[in-house]
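K.L.:
Under the heading compositional bias 'Polar residues', Swiss-Prot lists 141-152. Taken from Swiss-Prot, the feature domain 'CID' covers 2-138, and the record attributes it to sequence analysis. For 137-157, the entry in Swiss-Prot reads region 'Disordered'.
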Amino acid sequence: MDPFEGRMTFLQLLGKLNASQFSQIKPAQFAIKHLDLEEDLYSCIWEELESGSFNTRVNIMYFVDTLCEMCLKNGLTGGYLNMISRDICKLVQNVAPIGAAGAANAPEVRKVLQSLHEKKVIDDNQYKDAMATVEAHEQASKSGDTSTSGAISKNDILKRIEEDRERHKRMRENIWAISEPELEAEIAWNTTQGITESDLESLKDEYEKFNECLHATS
């Protein structure tokens with residue numbers, strides 16, 4: 001795939017981003033599949049970010065988290081991960097600018113920053129700097145400095161409410177998801193011997209003792 005075709009396809013996928021997991025995964029898979037175009041595709045993220053609404057920007061922020069997660073799962077280092085960690089403060093400035101839109105996005109930006117920090121995509125200093133940027137913009141918004149922000153439309157607000165519901169639903173589902181067994185537990189399970197005749201005799205003795213205690217108290 002040539003760079004022009006890759007950019008057009010990727011921009012279309014980014015334009016369809018919303019709170020659903022599918023809309024986040026599809027462009028991430030495309031980006032990973034076409035690593036030879038990673039710089040071109042990364043520039044598309046910024047194009048969409050700088051031209052989109054405040055809802056689009058927060059969806060881009062969540063997409064960045066999804067892309068990093070999929071890179072790590074596929075054993076990919078450098079590339080997208082390095083570019084994202086390098087530009088993390090610039091990313092925050094665009095998603096949570098000073099003003100009403102930035103203030104509305106600030107809580108979501110914090111969640112993504114925490115996730116990226118836990119994944120070690122950004123280091124401690126980058127995390128602190130990015131969080132400080134969010135805090136500074138949020139405080140400036142509360143003080144009334146909204147000169148750099150636009151108004152939020154009613155449709156944008158309604159869309160955000162709907163997408164927040166979808167995100168919270170996914171969070172609840174993830175809480176109940178059963179994670180893969182840890183290596184230590186898996187080793188213990190695989191090395192444990194089966195039940196022997198001696199084990200069965202011991203269980204039988206314990207059961208008889210339990211019944212005796214039960215009858216003694218009745």
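Quick reminder: no glycine exception, Cβ is built from N, Cα and C everywhere.
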K.L.:
Determine how many residues of the domain 'CID' (2-138) DSSP places in helix, in strand and in coil.
P.N.:
112 helix, 0 strand, 25 coil
K.L.:
Mind looking up the mean pLDDT for the domain 'CID' (2-138) in the predicted model?
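P.N.:
Over the domain 'CID' (2-138), the predicted model scores a mean pLDDT of 94.
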